[in-house]
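Worksheet: one structure, shown below.
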Amino acid sequence: MFMNRWLFSTNHKDIGTLYLLFGAWAGMVGTGLSLLIRAELGQPGTLIGDDQVYNVLVTAHAFVMIFFMVMPIMIGGFGNWLVPLMIGAPDMAFPRMNNMSFWLLPPSFLLLMASSMIEAGAGTGWTVYPPLAGNLAHAGASVDLTIFSLHLAGVSSILGAINFITTIINMKPPAMTQYQTPLFVWSVLVTAVLLLLSLPVLAAGITMLLTDRNLNTTFFDPAGGGDPILYQHLFWFFGHPEVYILILPGFGMISHIVTYYSGKKEPFGYMGMVWAMVSIGFLGFIVWAHHMFTVGMDVDTRAYFTSATMIIAIPTGVKVFSWLATLHGGNIKWSPALMWALGFIFLFTVGGLTGIVLANSSLDIVLHDTYYVVAHFHYVLSMGAVFAIMGGFVHWFPLFSGYTLNTTWAKIHFMIMFVGVNLTFFPQHFLGLSGMPRRYSDYPDAYTTWNTISSMGSFISLTAVMLMIFIIWEAFTSKREVLAVDLTSTNLEWLNGCPPPYHTFEEPAFVNPKWS
């Protein structure tokens, strides 16, 4: 029974739960790696003593957080749980493929961990640029294992993307049009399209790197007529859509949370929100070289990538102001989930502003590979994606479990986390503007103050993570069951009870078409 339910599952709710648990576990591994990084940088001088090991930590931290925490939780966890419920589908379109998508991740994670256990580990940074990732600078199997790990995670995501696209387009009730689906469903659809189009390019790039390393090809080796810059183009053609893949489901969740706790029955500017997400998805594919302003591109190429990058601020602004307009005049309920959403809107906007700074190629040439870039993307990830995940979790936890969280503890948790992440990452803007480079285990004494403060902030965030574990334990032991849910007519996922039955629909859902 246990094996049939959890190993061979074809149920979107169980698979979603598996994704959430796996993501939470990987998230703690990733947090541990980040704390080791911050411990090393907490004061001048060495702690770990080996710069290769330091770079392995940085590389693993990025891979674990991106591929094994944010994506499994947002797309696999919330996506699997909510998309079928929100469109009235009995399950996903391909339930067994859904199971395989999940079970490809633990082996992938194992390969990534194994890569750091053998030889010297993969100390390449998450970008895995040759020639550093070539077979001279990284002899041994570490980078090869990392590449295989990425292949598995990529196949998992591609299959998941096919599943979500098919489910969302094909499994709505006949009377429901695409423009009647909730914004979270739209966000998962756009995300799935991005995954489907970008991951094959990454697979091509890392496969070429694999053959360069093992089969004497020279795709990225100038000695044989190759070009290492080609790898950067292939990687970032995936890498930039990837960062939008990480944030788009968060946009969808924030739209739901803001609407719900404003007491509104719909978000402000539904169509604008949909097309903003589609625009962001499209533009995300034509700005990749802004990660490469320092490789020596023509001035006209840099002018194009600068302006194209800035255009993304427009649909993003549409979303931010629509969230604020949704809040306007609402009957605001100050729940923990809304606090996460408001924190998301503010801090994501700050991260977006530093992104506008970095979009200027002339400025980026100075700021590239400094802590200013680290501060920028951690504001949009550590305070964008993670705040969206936390907000979504405290909002939908009663749906998933049937139990309610202690709201006082949940609010305290938010406040500790808010202080922690800001104390960690705000000083890094100053470090970057003063020229402190990324991916170094040590630094001149002049940078000590801000690094010490940053490391203190990371330990405050650790306290918040541990408090969250306690809060979840408290909810499951106290067993406060859900009494009533507001606004179910426009929040269909709550309509079948908390938690919903194992099989939501024993017969096709009926949607009255009169409103369309």
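A Cβ is built for glycine as well, from the same backbone N, Cα and C atoms used for every other residue.
Pulled from Swiss-Prot, these are the features on record:
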type     : residues      : note
BINDING  : His61, His378 : Fe(II)-heme a binding site
BINDING  : His376        : heme a3 binding site
TOPO_DOM : 1-11          : topological domain 'Mitochondrial matrix'
TOPO_DOM : 41-50         : topological domain 'Mitochondrial intermembrane'
TOPO_DOM : 87-94         : topological domain 'Mitochondrial matrix'
TOPO_DOM : 118-140       : topological domain 'Mitochondrial intermembrane'
TOPO_DOM : 171-182       : topological domain 'Mitochondrial matrix'
TOPO_DOM : 213-227       : topological domain 'Mitochondrial intermembrane'
TOPO_DOM : 287-298       : topological domain 'Mitochondrial intermembrane'
TOPO_DOM : 328-335       : topological domain 'Mitochondrial matrix'
TOPO_DOM : 358-370       : topological domain 'Mitochondrial intermembrane'
TOPO_DOM : 401-406       : topological domain 'Mitochondrial matrix'
TOPO_DOM : 434-446       : topological domain 'Mitochondrial intermembrane'
TOPO_DOM : 479-516       : topological domain 'Mitochondrial matrix'
TRANSMEM : 12-40         : transmembrane segment
TRANSMEM : 51-86         : transmembrane segment
TRANSMEM : 95-117        : transmembrane segment
TRANSMEM : 141-170       : transmembrane segment
TRANSMEM : 183-212       : transmembrane segment
TRANSMEM : 228-261       : transmembrane segment
TRANSMEM : 270-286       : transmembrane segment
TRANSMEM : 299-327       : transmembrane segment
TRANSMEM : 336-357       : transmembrane segment
TRANSMEM : 371-400       : transmembrane segment
TRANSMEM : 407-433       : transmembrane segment
TRANSMEM : 447-478       : transmembrane segment
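All features noted in Swiss-Prot, drawn onto the structure.
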| residue | record | Cβ within 10 Å |
| --- | --- | --- |
| His61 | Fe(II)-heme a binding site | 20 |
| His376 | heme a3 binding site | 24 |
| His378 | Fe(II)-heme a binding site | 20 |
Open item on the list: Cβ pairs under 8 Å only, please: of the recorded stretches 12-40, 95-117, 270-286, 299-327, which one is richest in them relative to the transmembrane segment (336-357)?
Closed with: 299-327
Task: Interface check, the transmembrane segment (183-212) with the transmembrane segment (270-286), three or more C-beta pairs under 8 A - done: yes
Task: Segment confidence, the topological domain 'Mitochondrial matrix' (87-94), expressed as mean pLDDT - done: 97
Task: Coarse DSSP state, helix versus strand versus coil, of the residue listed as 'heme a3 binding site' - done: helix
Task: Paired segments the transmembrane segment (95-117) and the transmembrane segment (228-261) in contact, 3+ CB pairs under 8 A - done: no
Task: For the topological domain 'Mitochondrial matrix' (171-182), distant same-chain residues with Cβ under 8 A (at least six beyond the ends) - done: 84, 86-90, 92-93, 252, 256, 270-271, 274, 492, 508-513, 516
- [ ] Verify whether three or more Cβ pairs under 8 angstroms connect the transmembrane segment (371-400) with the transmembrane segment (299-327), leaving out any pair fewer than 6 apart in sequence.
- [x] no
Task: Tally of DSSP helical, extended and coil residues in the topological domain 'Mitochondrial matrix' (328-335) - done: 0 helix, 0 strand, 8 coil
Task: Region pair the transmembrane segment (12-40) / the transmembrane segment (447-478), three or more CB pairs under 8 Å - done: yes
